[in-house]
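Trainee: Sharing the feature lines straight out of Swiss-Prot:
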| type | residues | note |
| --- | --- | --- |
| BINDING | 126-180 | ATP binding site |
| BINDING | Asp250, Glu262 | Mg(2+) 1 binding site |
| BINDING | Glu262, Asn264 | Mg(2+) 2 binding site |
| DOMAIN | 100-295 | domain 'ATP-grasp' |
Amino acid sequence: MHVLLIAGGWSEEREVSLSGAKGIEQALLELGHDVEFVDPAKDFKNILLLAEHADFAFINLHGSPGEDGLIQAMLNQVNCPYQGAEPESSFLTLNKAATKTVFDHHGILTPKWELVCAADGCKGLQDLEPPVFIKPNSGGSSLGMTFARTAEELEKGIETVFSLGDSALVEEYTKGIEVTCGILDGEPMPLILINPPDNAEFFDYHSKYALDGAEEICPAPIDPVLTEQIQQITAKAHKLLGLTDYSRADFIISEGVPYLLEVNTLPGMTPTSLVPQAAKEAGYSFNELIAKLIELGQRKRK
């Protein structure tokens with residue numbers, strides 16, 4: 001097949017996207033596909049033309065224009081199949097506040113949170129006080145995320161987030177252990193336990209991508225009953241958000257209770273990223289995972 005590999009883009013996660021695309025391209029070539037690469041930041045105006053002549057588009061974008069559903073909507077214009085969520089579900093899930101509203105409405109536990117708009121700043125906070133996490137309302141890879149122990153740190157953290165966007169999600173600090181659960185073709189995969197470095201407050205950008213980053217253990221050495229509970233929550237959230245093919249849900253376990261933090265519609269796809277790690281434990285090599293995602297993407301268009 002002629003596969004259009006879409007990576008790069010203009011979000012803060014551009015370099016992560018390009019890094020992951022290298023391994024995907026190698027896998028596609030080894031699977032016997034013809035690969036054409038396009039970076040929306042450099043050749044946006046030709047995407048529809050390229051997609052129209054492709055048999056499949058493999059999306060490896062983080063943030064806009066991939067996780068917000070823009071590229072998917074464009075691919076739908078020319079009926080080019082792709083892996084992952086449709087535009088509407090992508091747009092909904094990238095917005096952390098909207099996603100947490102869905103969790104709250106359907107009884108899925110998530111840490112207490114508030115949405116703060118740039119026009120209001122810290123004055124927009126009604127109930128939460130430090131310690132809290134401050135996150136960009138849209139985005140991933142923990143870019144711009146800060147941990148505030150004091151009111152002064154909270155104000156600085158919100159200012160940092162407002163330099164990246166017009167809204168911030170402030171989330172109550174929940175002490176516990178971090179785990180992640182991927183889902184592939186409707187089936188939850190083995191959990192991964194994440195141990196950030198000793199000097200990290202959370203699973204930040206450095207922990208995710210540096211060689212001396214977090215320790216990741218798969219399968220997670222936690223109680224089987226709790227494991228099954230987290231897998232069930234992952235499947236429920238995946239369905240409620242209208243996601244397809246695959247996704248990854250991030251949790252914090254506090255005193256034996258799992259709290260769902262967020263869901264990723266285009267999770268990292270380097271061979272050592274979390275979803276490929278879990279897929280390997282489930283019996284898929286990296287190349288087999290890529291092949292499976294192509295199969296799932298094509299199935300949706302039939």
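Every residue gets a Cβ built from N, Cα and C, even glycine.
Predicted, not measured: the structure shown is a model, and the values here were computed from it.
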Trainee: Could you check the binding-site residues Gln126, Asn264 and say which one's CB has the fewest neighbouring CB atoms inside 10 Å?
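Mentor: Comparing Cβ neighbour counts within 10 Å for the binding-site residues Gln126, Asn264 gives Gln126.
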Trainee: State the count of C-beta atoms found within 10 angstroms of the C-beta of Phe147 (ATP binding site), not counting that atom itself.
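Mentor: If we count other Cβ atoms within 10 Å of Phe147 (ATP binding site), we arrive at 17.
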Trainee: Taking only C-alpha atoms and a 10 A limit, tell me which of Phe133, Ala168, Lys175, Asn264 are near Asp250 (Mg(2+) 1 binding site). These are the binding-site residues.
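Mentor: Qualifying among Phe133, Ala168, Lys175, Asn264: Asn264.
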Trainee: Compute the C-alpha separation of Leu154 (ATP binding site) from Glu262 (Mg(2+) 1 binding site), stating it in Å without decimals.
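Mentor: Cα-Cα, rounded: 21 Å.
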Trainee: Measuring Cα to Cα, how far is Phe133 (ATP binding site) from Asn264 (Mg(2+) 2 binding site) in Å?
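Mentor: A Cα-Cα distance of 18 Å.
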Trainee: What residue among the binding-site residues Leu154, Ala168 has the most other CB atoms lying within 10 A of its CB?
Mentor: Ala168
Trainee: What is the interatomic distance between the Cα atoms of Lys175 (ATP binding site) and Glu262 (Mg(2+) 1 binding site), given in whole Å?
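Mentor: The separation of the Cα atoms works out to 16 Å.
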